[in-house]
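Over in Swiss-Prot, the protein carries these features:
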- GLY151, GLY152, ALA153, GLY154, VAL155, GLY156, LYS157, THR158: ATP binding site (BINDING)
Amino acid sequence: MANAKGKVTQIIGAVVDVQFDDALPEILNALETENNGKRLVLEVAQHLGENTVRTIAMDATEGLVRGAVVTDTGGPISVPVGAATLGRILNVIGEPVDEKGPVNATETRAIHQPAPSFDEQSTSSDILVTGIKVIDLLAPYSKGGKIGLFGGAGVGKTVLIMELINNIAKVHSGYSVFAGVGERTREGNDLYHEMIESNVIKLENLEESQVALVYGQMNEPPGARARVALTGLTLAEQFRDQSGTDVLFFVDNIFRFTQAGSEVSALLGRIPSAVGYQPTLATDMGAMQERITSTKAGSITSIQAVYVPADDLTDPAPATTFAHLDATTVLSRAISELGIYPAVDPLDSSSRILDPQVVGEEHYQVARDVQGILQRYKSLQDIIAILGMDELSEEDKLTVARARKIQRFLSQPFDVAKVFTGSDGVQVPLEDTISSFKAVVAGEYDHLPEGAFYMVGGIDEVIAKAERMAAEAA
């Protein structure tokens with residue numbers, strides 16, 4: 001019941017117990033109280049009996065005291081949605097945190113929504129071209145699909161996400177929503193300023209911006225980190241339903257969503273499951289992931305960075321995420337150590353739509369040929385390490401030479417990484433990617449040195465670089 005009043009009876013970190021006199025608020029209702037002169041939102045998680053509810057705080061609870069008055073809002077957390085949120089940074093409860101004044105939205109939506117029903121969903125499969133060779137060729141993204149970027153710490157997940165926002169926001173006229181979940185505040189700040197520089201956010205006229213940002217970073221309490229992905233998703237759903245276009249929804253990092261859930265789970269008195277995660281891990285993940293889908297109105301394509309604890313893909317958090325994905329882009333430390341960026345593992349990454357019926361026979365065949373050569377090279381590496389290259393047959397030597405060229409050709413300079421590489425980013429059209437790799441596999445460029453294939457765009461750049469290298473050597 002809206003406006004029912006209660007009192008705080010117990011505070012344990014991010015978990016607050018509230019006792020009501022008569023009407024109990026429903027599960028997932030938002031309650032409000034004041035703490036240090038600021039509005040503090042609590043979300044009901046459990047009914048404990050004796051008219052007491054256990055809630056999760058969406059902000060710090062330092063300074064909150066027993067006996068503080070709490071009001072039931074009568075519904076779930078609601079956030080502003082629509083064009084007014086473009087170019088803005090919001091927090092989990094929809095308040096602006098960018099010091100640009102209030103968000104003058106005409107509509108608000110509850111962050112907890114049911115997933116679209118079967119008859120509302122769309123079933124077509126189309127490729128979403130990113131301009132990044134290794135992704136478009138070997139693990140293509142589908143429109144309205146869910147894509148996971150897997151990788152340990154520091155192998156380039158956030159850089160790849162920023163490049164995708166950069167490429168797709170420019171090529172696509174659609175909107176993007178970026179949810180920063182439990183990641184570094186510095187990265188969130190960098191991303192915001194880079195978006196201003198690249199005109200994705202237009203400060204003079206915010207409503208012409210292409211992106212809305214929702215942040216719940218590492219320093220936030222677990223309640224905020226466990227809900228901020230839902231806040232971002234609610235914004236994306238409204239853009240999809242209102243504009244009927246492809247909306248891009250970026251989550252960095254989906255692991256932190258699970259981690260925040262596990263932090264509050266023990267405080268809520270649940271018995272932990274494998275590796276200390278919450279027993280409701282699969283349920284929490286499913287409730288969010290099932291909302292990310294294509295409907296008849298439009299699509300939400302979601303790209304989610306997945307931190308892999310200790311590089312262990314069998315950990316319950318990444319393993320549960322795998323089940324929901326249409327494509328996986330696995331970033332490998334071994335490849336980043338070779339200096340090949342993006343450090344995408346061409347053999348571990350996969351996509352549901354790498355299928356001749358979706359991408360076409362030629363694309364499928366070239367991708368499989370490239371993977372075949374790289375797989376053969378991988379299996380020969382032990383022999384090379386022990387006996388050296390000279391012990392290989394002529395055919396294997398040729399395979400190794402081509403594989404090393406392919407490996408380098410899968411690297412690419414990024415716009416957003418210009419400060420590291422010193423060279424301008426390139427986007428390669430899908431047709432060029434397919435024809436270039438087809439020619440390399442067929443041996444048409446066996447005469448070029450492997451260094452010419454490193455950090456370039458299309459095959460024309462390889463030829464130009466090889467000529468430059470020959471001129472310098474002479």
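Glycine too: its Cβ is placed from the backbone N, Cα and C atoms.
Between the listed binding-site residues, namely GLY151, GLY152, GLY154, GLY156, the fewest other CB atoms within 10 angstroms of a CB are found at GLY154. Figure note: comparing Cβ neighbours within 10 Å for the binding-site residues ALA153, VAL155, the maximum is reached by VAL155. Same-chain residues that are not part of GLY151, GLY152, ALA153, GLY154, VAL155, GLY156, LYS157, THR158 yet have a Cβ within 8 Å of the Cβ center of the ATP site turn out to be TYR307, LEU331, SER336. Within 10 Å of the C-beta of THR158 (ATP binding site) there are 21 other C-beta atoms, taking all protein chains into account. Annotation note: THR158 (ATP binding site) sits in a helical segment as assigned by DSSP. Listed in sequence order, LEU149, GLY151, ASP252, ASN253, ALA305, VAL306, TYR307, LEU331 are the same-chain residues six or more apart from LYS157 (ATP binding site) with CB atoms under 8 A from its CB.
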